[in-house]
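Visitor: Just passing along the structure, written as structure tokens.
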Amino acid sequence: MSLDIVILAAGQGTRMRSALPKVLHPVAGNSMLGHVIHSARQLSPSGIHVVIGHGADAVREQLSADDLNFVMQDKQLGTGHAVAQALPALTADTVLILYGDVPLIEVETLSRLLERVNPQQLGLLTVALDDPTGYGRIVRDDQNRVCAIVEHKDASDAQKAITEGNTGILAVPAAHLADWLGRLSNNNAQGEYYLTDVIAMAANDGLVVATEQPHDAMEVQGANDRKQLSELERHYQMREARRLMAAGVTLRDPARFDVRGEVIVGRDVLIDINVILEGKVVIEDDVVIGPNCVIKDSTLRKGVVVKANSHIEGAILGEGSDAGPFARLRPGSVLGAKAHVGNFVELKNANLGEGAKVGHLTYLGDAEIGARTNIGAGTITCNYDGANKHKTTLGADVFIGSNNSLVAPVDILDGATTAAGSTITQNVPAEQLGVARARQRNIEGWKRPVKISKD
């Protein structure tokens, strides 16, 4: 079975009170539409067709990709009209219709729905609700067959008592779709062409309307305002927390933990409160992450410890290494096995060898640090000359005294030492001491200034 997917994403979202198109509002660091596209791709369709309207340029700019076909709906005349705009591009046997503001839909749910489709049967995703206000109602005949969907505003009191709601998500045999869309009318309370009207047409044409339901009603929850958006965010985060805990992660408080990307975890990982994981993060076995940390696009090898209030981005932390508290590792930072980065240390494009130590109050940028080298407090690499970046290279077993300025490009070779307070501008040979500071003078008879009285 070949598959085309149509994603409706043309709505304005006035209740968001935002210049940003509704479908671009984020859930867990990705736009709502981005989540839907991600799910659609996992179904391996022949084509993904995104119907856009309000804020079309912004949607294209943020989400443009070779596998997406953007279709313009100039006037928002209803869901049926929106799907009709994509008709000329549809070539597959089956068409699945999704919504750009329903980001939590699970691929497993969509797969079950697609299994219900054949040339004489379409699949409709419905949901059981305690309060179906606002949802179209699923109308069944005396044999429990779906015969129509009635929108809430058009429903009678008896129909409003129905608790089975329409999610809007359906999969249909493509051979019938053009005919059904061509027969739609806008003779309703909204004056729109409802996609839901094709259900009654299908039933009247003798097709079976087979229904599926999500395991979790929040899968089909959309967001029309900021409150609903926050509810989707919290539900997504709790879902991710449950997934990670099932994989062997201890979360001190699942309600105070956020995932905003893709996280791969090992076993016996401990994550404290207020930790944010962004982008692609790999966390191997026995890692400990302290409170209030942000980790983005990074890999933490087995046994890594990240202490409180650290920010790690684009970094690789080797087995048994540690960072923090209050450490900042910027993109390109690599810690070798058992390397140590302490409090108020910032690394950028710096490679620390196995067992290297940078204890505190240090900046290392564009630097190669050898194994077992120790960097004293207050050391900085002066790597930028105002136009270009330059590299600092320290060999193995180097000892850098406190309050050093290492003016790049400079090499300090194996076993060398630099004296505290030095400004190193020349290479230091192996096993030698580099001293680059003014000689101290003690002035005999010097008197400390006395404060002048204002009287």
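Including glycine, each Cβ sits where the backbone N, Cα and C put it.
Since this is a predicted model, take the numbers as computed values, not measurements.
This is the feature table in Swiss-Prot:
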type	residues	note
ACT_SITE	His360	active site, proton acceptor
BINDING	8-11, Lys22, Gln73, 78-79, 99-101, Gly136, Glu151, Asn166, Asn224, Arg330, Lys348, Tyr363, Asn374	UDP-N-acetyl-alpha-D-glucosamine binding site
BINDING	Asp101, Asn224	Mg(2+) binding site
BINDING	Ala377, Asn383, Tyr384, Ser402, Ala420, Arg437	acetyl-CoA binding site
REGION	1-226	region 'Pyrophosphorylase'
REGION	227-247	region 'Linker'
REGION	248-455	region 'N-acetyltransferase'
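Walk me through where these features lie, including what they touch and how far apart they are.
Guide: Counting only residues at least six positions away in the same chain, the Cβ atoms of Gly342, Asn343, Phe344, Val345, Ala377 sit under 8 Å from the Cβ of His360 (active site, proton acceptor). In this structure, His360 (active site, proton acceptor) is part of a beta strand by DSSP.
Classification of Asn374 (UDP-N-acetyl-alpha-D-glucosamine binding site) by DSSP places it within a strand.
Long-range Cβ neighbours of Asp101 (Mg(2+) binding site) (same chain, at least 6 residues apart, Cβ-Cβ under 8 Å): Ala9, Gly11, Gly13, Lys22, Val23, Met32, Leu33, Gly222, Ala223, Asn224.
Under the three-state DSSP scheme, Ala420 (acetyl-CoA binding site) falls in the coil class.
Each residue in the region 'Pyrophosphorylase' (1-226) has a pLDDT score, and their mean in this model is 95.
Sequence-distant neighbours of the region 'Linker' (227-247) (same chain, 6+ residues past either end, Cβ-Cβ under 8 Å): 16, 25, 27-28, 32, 103-104, 218, 221, 254-255, 257-259, 263, 265, 267, 269, 271.
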Visitor: Here's one to test understanding: among the binding-site residues Leu8, Gly78, Gly100, Glu151, whose C-alpha is closest in space to the C-alpha of Arg437 (acetyl-CoA binding site)?
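Guide: Nearest candidate: Gly100.
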Visitor: If one measures from the C-alpha of Leu8 (UDP-N-acetyl-alpha-D-glucosamine binding site) to the C-alpha of Tyr384 (acetyl-CoA binding site), what distance in angstrom results, rounded to a whole number?
Guide: 49
Visitor: Quick one: of the binding-site residues Gly78, Gly100, Glu151, which has its CA closest to the CA of Asn383 (acetyl-CoA binding site)?
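Guide: Answer for the nearest of the binding-site residues: Gly100.
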Visitor: Per DSSP, what is the residue count of the region 'Linker' (227-247) in each of helix, strand and coil?
Guide: 20 helix, 0 strand, 1 coil
Visitor: Of these binding-site residues, Asn374, Ala377, Ala420, which scores lowest on Cβ atoms within 10 Å?
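Guide: Per-residue Cβ counts within 10 Å for the binding-site residues Asn374, Ala377, Ala420 bottom out at Ala420.
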Visitor: Rounded to a whole number, how many Å is the Cα of Glu151 (UDP-N-acetyl-alpha-D-glucosamine binding site) away from the Cα of Ala420 (acetyl-CoA binding site)?
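Guide: Here the two Cα atoms are 77 Å apart.
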Visitor: Report the nearest neighbour of Gly78 (UDP-N-acetyl-alpha-D-glucosamine binding site) in space among the binding-site residues Tyr384, Ser402, Ala420, comparing Cα positions.
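Guide: Closest candidate to Gly78 (UDP-N-acetyl-alpha-D-glucosamine binding site), judged by Cα separation, is Tyr384.
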Visitor: Just jot down the residues in the same chain as Gly100 (UDP-N-acetyl-alpha-D-glucosamine binding site), at least 6 apart in sequence, with C-beta under 8 A of its C-beta; none if empty.
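Guide: When sequence neighbours closer than 6 are ignored, Gly100 (UDP-N-acetyl-alpha-D-glucosamine binding site) has Ile7, Leu8, Ala9, Gly11, Lys22, Val23, Met32, Leu33, Val36, Val50 within Cβ distance under 8 Å.
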